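Asks: The structure is given below, and queries will be raised subsequently.
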Amino acid sequence: MFIEPRVGTGSGVTRRGWIEVVCGSMFSGKTEELIRRLNRARIARQHVEIFKPALDTRYHAEDVVSHNQNSIRSTPVPVAQEMLLLAAGCDVVGVDEAQFFDESLVEVCVQLANRGTRVIVAGLDMDFQGQPFGPMPALMAVAEFVTKVHAICVCCGELASYSFRVTASEDKILLGETDAYEARCRVCFQEGMKEKTTEPLTERVIRQSV
């Protein structure tokens, strides 16, 4: 479990900012961990603000909601730069579904941390093809703390770090379709990708619709 670094709050102490990244596959508990850390910050009477991409309306238009249905109120923003103004005076800033923002999110997080804000970012580190996703790799590079959480492979029960798409769609972003994905380990993910390349698309669509 991640334990927050000690934050000096006495007189004459300069507030220091940093970046934390929580990454992993779908169903790994990323949002759950983000909510846990933000709630602890609120218990500590810190000023907390949470943001998510405006395009993410899967569970709620404004709340950040985990797969376990735990939620926390957030502010949807269309672009990352809006966070700089909206987070003025915050002690802690949380960002969910970071992979859906563009690369400007990295500079926004750096600026927030440089001005003394603790920034906690959660997102998918890889897309459905197993490739680095959006700004996540760069965020992991500039972060002081990186936590990779794991799901359980639905095929073999081992630790899973891949999000395998079971539908025929090839769109990079497929919102609102949590049943379109499975958490898989490396071996089972590779096996599934090989099956996709050898099985005719029409047969796969028919099999998935049964």
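Keep in mind that glycine also has a Cβ here, set from the backbone N, Cα and C atoms.
Fair warning: this is a prediction, and the values are worked out from it, not measured in the lab.
So TrEMBL says this about it:
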- Glu97: active site, proton acceptor (ACT_SITE)
- Gly24, Ser25, Met26, Phe27, Ser28, Gly29, Lys30, Thr31, Asp96, Glu97, Ala98, Gln99: ATP binding site (BINDING)
- Cys153, Cys156, Cys185, Cys188: Zn(2+) binding site (BINDING)
- Ile173, Leu174, Leu175, Gly176, Tyr181: substrate binding site (BINDING)
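Can you walk me through where each of these features ends up in the structure?
Replies: Residue environment of Glu97 (active site, proton acceptor) contains 22 other Cβ atoms, counted within 10 Å of its Cβ in all protein chains.
In this structure, Ala98 (ATP binding site) is part of a helix by DSSP. In sequence order, Leu105, Val121, Ala122, Gly123, Gly134, Pro135, Met136, Leu139 constitute the residues six or more apart from Ala98 (ATP binding site) in its chain with CB-CB distances below 8 Å.
In three-state terms derived from DSSP, Cys185 (Zn(2+) binding site) belongs to neither a helical nor a strand segment and is classed as coil. Counting only same-chain residues six or more apart in sequence, the Cβ atoms lying under 8 angstroms from the Cβ of Cys185 (Zn(2+) binding site) belong to Cys153, Cys155, Cys156, Glu158, Leu159, Ala160, Ser161, Tyr162.
Within the same chain, residues at least 6 positions away in sequence whose Cβ sits under 8 Å from that of Tyr181 (substrate binding site) are Met26, Phe27, Phe128, Ser163, Phe164, Arg165, Val166.
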Asks: If you draw a 10 Å sphere around the Cβ of Cys153 (Zn(2+) binding site), how many other Cβ atoms fall inside it, taking every protein chain shown into account?
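Replies: I count 22 other Cβ atoms within 10 Å of it.
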Asks: Same-chain residues six or more away whose CB lies under 8 A from the CB of Ile173 (substrate binding site)?
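Replies: For Ile173 (substrate binding site), the qualifying residues are Leu55, Phe100.
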Asks: When you look at Gly24, Ser25, Met26, Phe27, Ser28, Gly29, Lys30, Thr31, Asp96, Glu97, Ala98, Gln99, which the record names as binding ATP, what is the longest CA to CA distance in angstrom?
Replies: 16
Asks: Given the recorded positions Gly24, Lys30, Asp96, Glu97, state which is nearest to Cys188 (Zn(2+) binding site) when distance is taken between Cα atoms.
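Replies: Ranked by Cα distance from Cys188 (Zn(2+) binding site), first place goes to Gly24.
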Asks: Can you tell me whether DSSP puts Lys30 (ATP binding site) in helix, strand or coil?
Replies: helix
